[in-house]
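Q: Feature list, courtesy of TrEMBL:
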{"type": "DOMAIN", "residues": "68-122", "note": "domain 'P-type ATPase N-terminal'"}
{"type": "TRANSMEM", "residues": "98-117", "note": "transmembrane segment"}
{"type": "TRANSMEM", "residues": "123-139", "note": "transmembrane segment"}
{"type": "TRANSMEM", "residues": "314-339", "note": "transmembrane segment"}
{"type": "TRANSMEM", "residues": "359-381", "note": "transmembrane segment"}
{"type": "BINDING", "residues": "D429, K430, T431, E745, F787, K811, R854, T934, G935, D936, R1038, K1044, N1067, D1068", "note": "ATP binding site"}
{"type": "BINDING", "residues": "D429, T431, D1064, D1068", "note": "Mg(2+) binding site"}
{"type": "DOMAIN", "residues": "1090-1335", "note": "domain 'P-type ATPase C-terminal'"}
{"type": "TRANSMEM", "residues": "1122-1141", "note": "transmembrane segment"}
{"type": "TRANSMEM", "residues": "1153-1174", "note": "transmembrane segment"}
{"type": "TRANSMEM", "residues": "1202-1224", "note": "transmembrane segment"}
{"type": "TRANSMEM", "residues": "1236-1254", "note": "transmembrane segment"}
{"type": "TRANSMEM", "residues": "1261-1286", "note": "transmembrane segment"}
{"type": "TRANSMEM", "residues": "1306-1325", "note": "transmembrane segment"}
Amino acid sequence: MERLHWVQHRCREMLPERSGRSSYSSPDGLPSKSSRDTHSSPQRDRGRRRTVFARHRPPRHESEAIFKSYKSNAICTTKYSLLTFIPMNLFQQFHRAANLYFLFLVLLNWVPVVEAFQKEITMIPLLVVLTVIAIKDALEDYRRYLFDRKVNNNVVQVFCGKLKAYIDQCWKDVQVGDFVRLSCNEIIPADMLLLYSSDPRGICYIDTANLDGETNLKQRQVVSLQGVEFTAESFHCLIECENPNNDLSRFRGYMEHPSGVRVGLHNGNLLLRSCTIRNTETVVGIVVYAGHETKAMMNNSGPRYKCSQLEKQLNTYVLWCVLLLIIMCLTSAIGHGLWLKNLKDPIFQVDKETSPALAAFYVFWTMIIVLQVLIPISLYVSIEIVKLGQIYFIHNDLALYNKQLDSRIQCRALNITEDLGQIQYLFSDKTGTLTENKMVFRRCSIYGVEYPHEENARRLEVYETEKMEATGRSVTLKSGCSGKSLSCRSLSCKHSAVSLHTHTAEEEEEEEEDQPSHHFQPRTSAFCSRVTKEVVPDPELVRKLNWFCSPVLALSDGSSGTPSSLELTCITDFFLALAICNSVVVSSPNQPRHAVPETQTPLKSLEEIKLIFQRLSFSPFSALSSLSTLQTKGSPHSFTSRLFSRGKTGSFTFYTPTNGTTDGSEPGQECNQGTSNLRSEVDLSSRVEGGDAGQTEDRQTEYDIMGARTNPEEARQDVEDLTREVDCESDTDDDLLYEAESPDEAALVHAAHAYCCTLRGRSAESLLVDFPGIGSLAVQLLHILPFDSNRKKMSVVVRHPLTGQVVVYTKGADSVIMDLTETPKGSKQAQEIYSHIREQTQNHLDSYAREGLRTLCIAKKVLEEEEYEVWLKGQLLAESSIENREELLLEAAQRLENNLTLLGTTGIVDRLQEEVPDTIEALQRAGIKVWILTGDKKETAINIAYACKLLCPNDQLLTANCGSKDACAALLEELKLKVQRGGDRETAAGDPEESSSGRMEGFILVLDGRTLDWALQEEQRSDFLELSQRCKAVICCRSTPLQKSKVVQLIRDQLGVMTLAVGDGANDVSMIQVADVGVGISGQEGMQAVMSSDFAISRFKHLRKLLLVHGHWCYSRLANMIFYFIYKNVMYVNLLFWYQFFCGFSGSVMTNAWVLILFNLIFTSIPPLIYGVLERDIPAHTLMELPELYQAVQTSKVSVPYMFWITVLDAFYQSLICFFVPYFAFAGSSVSELSFGSPINASALLIILLHQVIESHTLTWIHVLVLVLSGGFYFGFVLLFSLFCVTCSPPTNPVGVETLEMSQPLFYIVCALTTVTALLPRLLFRALYHTLHPSAVLKSARMDKVDSEKYCRKMQHWNLSQSRGNRLPLCADNPGLEPSTASVVS
């Protein structure tokens, strides 16, 4: 197939009129135009690299050769041009074997010695099919042409070297090496390296929704120009980067300055085509990839094509039909040869010169032409049409529509709808697939101390209750929240820039009514729902932080309930890490992201802060870098007033939950997330004043410190005054918006904000953080090591604003972080403390996992300057490398992320989606094995499995957590024997034990990632497969994306079953692509999974109807349609075959050629299409209530081989009746062959149409209309044909034949007798079959009737037994009585 694509590609390139236009990039591994250039081309010599420099530089021979090898920015997604349409379209259509077969028959019919019909007649079926498909392809290609023309003619500003200015050019004229200038809200025309931004911090923001569907903005950074201001005229750098590829998340290369200095390039410097510039006034970049070499175009592969299981089986059936055709033709050839050999004194003209053997050879090919209908040319086209109709109804199913996201199901693969009805294994991700992926901070553990956040838990329960009540009150959220109450408003999620993560427009309008009017519309961001933002702080943690801020309370060693300095150090570091260890973009509702003001630091220098802490003998920040046990004994009264003499007002205000009534304050005010009237406030603030001399400040500070020890009452009064002052100013502050790449990051940043450790601004070099008791601090950002699936963690390297030390803050999976932490060297007491912290934190992690919370560990590491410099050299070398860049970056990260100091852990709740338990239970009842493949902890996955009913209380858990390969092999063997013994006991007991819910007890296998690696190896693969087959479900924890795809591939290939994989994130893409059917969920993690999937849904619950209803219908419809086509073709062809026994096997037919060709092409082709789209063998509600029917249909249709032969035998029987009943009716008469064939054709048409009526379960006016039109069209055609067509079918003359036959009563008697006799056995068989094996509809009706009767008898018996004590019984037969509350509860 790849060779055909390559030939097609070469044909396009060789055409002169398209030489100047760009076309599709050649497939990987195939020679492209650039690779066929002369050997002097630098591109060929450089291998996998690309050299780019400014195009306006003076031209040289080498530069001209380089630029000629690069594609222009013009795109051409069309397949054809006016000149190439006919040859290219025919070339593509004749890829199909059926079209080639019928082309062969057309050519064969042109050979005089084997000619069966007129040459033009045999061309009709092929021409009709080719014409219809060609028209469809032409219309699709014309739409692509219009889109290409619109895109190519977009205008952008490009630098002109001659004019020394930017001029307007069309996108198609942009070349690699051009400087392009863009403004806000402009779309990027090509992949560009960012060289200039109007933002003073050298950053710009892009919206990638057109590329990957993600709605949150991405930040891009200008490439370092070594302190030189960028101008297009003075740019002389050389760019070396990798060749074009389709990896959206990777870009490798370096930029070499004229001085020889190399600067590494990464994905953060690249502006991708199709993205949009946001919140940045002007940017300038140099084009590195253009046109079809851009990442966006290389990812634009169009609709996915997969070959369904039914199509593969259809090919087998077609081969059997070919075998039947050959047998019939051989029989006719042998019969004709014997007939000629035995023929003596013929009364009609016979060619005696041709030998019987040669005549038999000629007849063989003649019969191939006559019986060509046996191979259904219209079946392939009909299947495509039916699938389009099925996709239309799936796409418009209201049950699969998500009103909240305004999202419906997407059918991206157009030809595997029937595979939805054959699924046997379902592999599901957990986060975002089974759960909401709307992370909410639930609880945390710091310094080994657990903070349960009980009030926060009650807040989540209240939110769930409000949500359920609102759902029950109304269909739409608007009508449910019309009262404008606070409980209703809690349902609202702030509206994002793109509606992917928002509620409906009605909710947006309603929420706007509750908000005060502004001059412009405030913006919001993704992952900013009210339940995520409003974290209620834990009172104990608030109390400890109050010790840090309080001017009158002293710290101790923690023995009297006061926190030690070491514990306070961990707490402050913990929240600082939550605030800065992320990639969150910060803004305010009324300001663009690049315009968030950076507040000045509180004092003139960081040294003054350190000096003050030293004078106070207070060392919380000096302890940030060591495990010091230094304690403080006192605190000054006016320390806070002087500390904030310069800088923005800082506030540290909490609501401490009590049993009091809730106040009526509006949610969203900074640090006011509580619900109680009792408030514990410690506000630290100051006004921004003019600069005082440093010495004066120091003296004043000393004076205030001395005053604190003599007048504590005055200090309290000062704090109260400051509190009132801060409250007035904080009311006017704008809420901050956090645009996170994942809901985890958003939840943690909002949690830090709840404790007033607020991230206020971000640039490429620094972060602005409000810290309790300090105010706004600028944190120098040195490096970000982003999260990846191999490291399972993320780190930031910063220079601490107070100590000046280089600190690494890391957050990640506990399985990784806990292994990288170590007990510090030092005193025995410090080691005991840290060991206790590790032990307690691990206990809390296990507890969180058992509750089903997502856990993350937070750690830090302090680097010496020399150690940091050594690491920095290796990091810069890795960043500037092109080959093996990922490996070098991983090694650099591993050198940094070790010997960590554990700070604490977080527990984030991710709620189950609605109806997930019911969906999984229904899928299991349908015979589908459900596996969960997740990267979470084992305890978390098991807890979710219980919650979603994958695990029942009486199921037995089999845990595989091995430390070595040998241990894994032994454990798998042991578990296999255990499961086998359990199965033997159930078999010996007869009926398997069932739980109270009626579900069978089973074994559940749970594996961790390391054990799964060993189980997937060749030695343990068979044991793992055998064990998993015996288990009801399998849960794979701590699994990587590669492991997920390997598991799916192993089950699919080794067991030969139909697999479905469902996920929502980029880590699920490989699993989705490997499975037979891939389903993506358009959730909170972008659209990567959706873009790689065959079907895209918005909720996991939609799988239930998609598989059990639509999958059942699609499979049943297409299976019936395939067998029906085979039946009607075999039945009609046999009529021609039986006639050969009475014409010397000469290849003659008893009907005219037009009716023969059009019988299957037109007269009987439309009804199967209608039935294939509209047939419903079982109602939808029955399929939903009885999932067992899903598995039953798989064993009753195409998957059973004998069904094909039963269909063929039935067709043989009906053809015998249809031929010989008219034969005996007209025996002895002088009717011509056309008069004899007339009742045969009419009877065949009636039998074929009524056969479908018998087999179908749905009969509407549409079906009746199509059946009547099909029959009417046939009779109308033959009547007109017999009236006007004299020489249409030589050598026969059909004039008057049909009119004469239809005027005689014998014609109608023969047709009626033939039709009844042919269909009577099938009617009797179906009646007997449904008597012995009732259909699902009858079964469900009987079950409902029996259950209702049993219930009534039980209630009557109970009423009789209770009649003596209760004269007014509660029963179903007494509708006038209202049940009591106790009765309902019981």
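Using the three backbone atoms N, Cα and C, a Cβ is placed for every residue, glycine included.
Describe each of these features in terms of where it is and what it packs against.
A: With DSSP states grouped into helix (H, G, I), strand (E, B) and coil, the domain 'P-type ATPase N-terminal' (68-122) comes out at 30 helix, 0 strand, 25 coil.
Long-range contacts of the transmembrane segment (98-117) within its own chain (CB-CB distance under 8 A, at least 6 residues past either end) are made by residues 123, 125-126, 129-130, 318, 362, 365-366, 368-370, 372, 375, 377, 380, 1147, 1153, 1156-1157.
Sequence-distant contacts of the transmembrane segment (123-139) (same chain, six or more residues past either end, CB-CB distance under 8 Å): 79-80, 85-86, 89-90, 92-93, 99, 102-103, 106, 377-378, 381, 1157-1158, 1161.
Outside the transmembrane segment (359-381), and at least 6 residues removed from its termini, the chain residues within Cβ reach (under 8 Å) are 96, 98-99, 101-102, 105, 108-109, 111, 113-117, 122, 125-126, 129, 132-133, 314, 318, 321-322, 324-325, 328-330, 332-334, 336-337, 340, 351, 1122, 1125-1126, 1129-1130, 1132-1133, 1136-1137, 1140, 1145-1147, 1149, 1156, 1159-1161, 1165.
Cβ contacts within 10 Å of F787 (ATP binding site), excluding its own Cβ and spanning all protein chains shown: 20.
Listed in sequence order, the residues of the same chain lying 6 or more apart from D429 (ATP binding site) and placing their CB within less than 8 Å of its CB are I932, L933, T934, K1044, V1062, G1063, D1064, G1065, N1067, D1068, M1071.
Residues 317, 320, 324, 1123, 1126-1128, 1130-1132, 1134-1135, 1138-1139, 1196, 1236, 1239-1240, 1243-1244, 1247, 1251, 1310, 1313-1314, 1317-1319, 1321-1322 of the same chain sit 6 or more residues outside the transmembrane segment (1202-1224) yet have a Cβ under 8 Å from a Cβ within it.
Residues 1210, 1213-1214, 1217-1218, 1221-1222, 1225, 1238-1239, 1242-1243, 1246-1247, 1250-1251, 1254 of the same chain lie 6 or more positions beyond the ends of the transmembrane segment (1306-1325) yet place their CB under 8 Å from a CB of it.
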Q: Mean pLDDT over the domain 'P-type ATPase N-terminal' (68-122): what is the value?
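A: Over the domain 'P-type ATPase N-terminal' (68-122), the predicted model scores a mean pLDDT of 82.
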Q: Below 8 Å Cβ to Cβ and six or more residues apart, same chain only. Which residues does that give for R854 (ATP binding site)?
A: T431, M439, D744, G907, I908, V909, D910, D936, T940
Q: Which ones in the same chain are close to G935 (ATP binding site), with CB under 8 Å and 6+ residues apart in sequence?
A: T431, S789, K792, A813, G1009, C1037, R1038, S1039, T1040, N1067
Q: Looking at the stretches 1122-1141, 1153-1174, 1261-1286, which one shares the most CB pairs under 8 Å with the transmembrane segment (314-339)?
A: 1122-1141
Q: Out of T431, N1067, give me whichever of these binding-site residues has the highest number of other Cβ atoms within 10 Å.
A: T431
Q: Could you check whether the transmembrane segment (1261-1286) packs against the transmembrane segment (1122-1141) - three or more CB pairs closer than 8 Å, residues at least 6 apart in sequence?
A: no
Q: Taking a Cβ cut-off under 8 Å, which residues six or more beyond the ends of the transmembrane segment (1122-1141) line up next to it in the same chain?
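A: Answer is 310, 314, 317, 321, 324, 328, 331-332, 335, 367, 370-371, 373-376, 378-379, 382-383, 1147-1150, 1156, 1159-1160, 1164, 1168, 1171, 1197-1198, 1203-1204, 1207-1208, 1210-1212, 1214-1216, 1218-1220, 1240, 1244, 1247-1248, 1251-1252, 1255.
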Q: Let me spell it out: take the transmembrane segment (1236-1254), skip the flanking residues so only those 6+ beyond its ends count, and list any with a Cβ under 8 Å from a Cβ in it.
A: 1124, 1127-1128, 1131-1132, 1135, 1149-1151, 1155, 1159, 1163-1164, 1167-1168, 1171, 1214, 1218-1219, 1221-1223, 1225-1226, 1263, 1267, 1270-1271, 1274-1275, 1278, 1297-1298, 1301-1302, 1307, 1310-1311, 1314-1315, 1318-1319, 1322-1323, 1326
Q: Looking only at Cβ atoms, how many others are within 10 Å of the one on D1064 (Mg(2+) binding site)?
A: 33
Q: Fewest other CB within 10 angstroms, which one of the binding-site residues R1038, D1068?
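A: Least crowded of the binding-site residues R1038, D1068, by Cβ count within 10 Å, is R1038.
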